[in-house]
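Attaching a single structure in structure tokens format; questions to follow.
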Amino acid sequence: MNPAPDLNTLSHALLPCWLMKRRHLLLTGASAAALAACSDRPEPSATASGTATRVQWRMATSWPPDSPGLSASAARLAARIGAASGGRIQIDVSDANEVVPPFGVLDAVAEGTVQMGHSAAYYWQSRLPAAPFFCTIPFGMRADEISAWFQTGNGLAFWEELYAPLGVLPIPCGNTGVQTAAWSNREIASLEDLQGLKIRIPGLGAAVLSKLGAQPLAVPGTQLLQALRGGQIDAAEWLAPMNDLAFGLHRVARYCYYPGWQEPGAVLECLLHKPSFDALSADLQTIIRACCAEEYERCRVEFQRGNVEALKTLSDTFKTEFRRLPDSVSEALRRASTRVLDELAARDAFAARVLADYRAFQQALGPWRSMSETAYEQIR
């Protein structure tokens, strides 16, 4: 095993090319062939007859069918695990509402109804107040930065600690990158325009907008278009151009606002029923971890490329009206976000621990980010 690299020597890309956290060895690579390169990999488990044990699992997801980057990532992860394990793990993937509702995935995994889930941690914030830190928070870290927090900081340890009482093991398995702010049928030209705005938005972004007079609503993705079309909501935060185009949001909303202050890098989570995972042989556990790490990067670049193409289609073909949020609105959102996070920490001791660590890590990244990515963008 290679030791964890020092933060000061990490590549600015911070890709998941290695993962080591406490007692876990996580292998990753460009393909499942990287697994074979591990010389100290345990031998596959076998039955008394010498035949390798085969496991049939079920995965529940929070995503509508045929969702680019979401349901597609879940299906790809399941297929990757099956291939890398030589067919010893077969995973049947279910879209939202096929087995459990979108917001029921965590419970389904915890109860052992399914052995695996694919979702986003901020859906559980009413039950686990600190959960959004392990998906995304307003004005928080981007995909590469939160990956560094998981891999070189305390992020993954905190996450596992949070879910441990439920008998669930979380593993990061994807990232959407920076998103758009919202699709809206109401113009947002000033703070006053947020007053009474009925908007579908999950996570801590909902609490932030509430402080500024909006009316956040928790609407599952499966009901989003109908809610916008029918006027039950004025606006909706979903993802970014690739998903928004596929979903048809441009057909039911007039404006698309950016940037995505509320979700600068949303992590997708693989949820594992801990007793089922612990029953696997060591090499199968390693395969699952390695495939999640590989899918994290595959998902991230799929969003990057897909958003570029979808943005062009929305702009050129559908003449979508993209608008940048006014600076006055963005600044008010930033201030409200700080208050929301501080209030969360005051209510929940575990969230306070996580927030302090999260902020310290994000602040530590600042000087080099200013000298590298930020400075480069200014001259490119």
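Going from the start of the chain as shown, residues are counted 1 onward.
Using N, Cα and C of the backbone, Cβ positions are placed for all residues, glycine too.
A TrEMBL annotation is a machine prediction, not a hand-curated record.
Pulled the feature table from TrEMBL, pasting it below:
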type	residues	note
BINDING	Gln179, Arg200, Glu237, Glu263	substrate binding site
BINDING	Trp238	Na(+) binding site
What does DSSP assign Arg200 (substrate binding site), in three states?
strand
Looking only at Gln179, Arg200, Glu237, Glu263, the residues listed as binding substrate, what is the longest Cα to Cα distance in Å?
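Of all Cα pairs among the recorded substrate binders, the widest measures 15 Å.
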Which residues in the same chain, at least 6 apart in sequence, have a Cβ under 8 Å from the Cβ of Glu263 (substrate binding site)?
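Residues satisfying the criterion: Thr136, Thr176, Val178, Gln179, Gly203, Gly205, Glu237.
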Including all protein chains shown, what's the count of other C-beta atoms within 10 A of the C-beta of Glu237 (substrate binding site)?
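Its Cβ has 25 other Cβ atoms within 10 Å.
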Pop the Cα-Cα gap between Arg200 (substrate binding site) and Trp238 (Na(+) binding site) into the table, whole Å please.
8
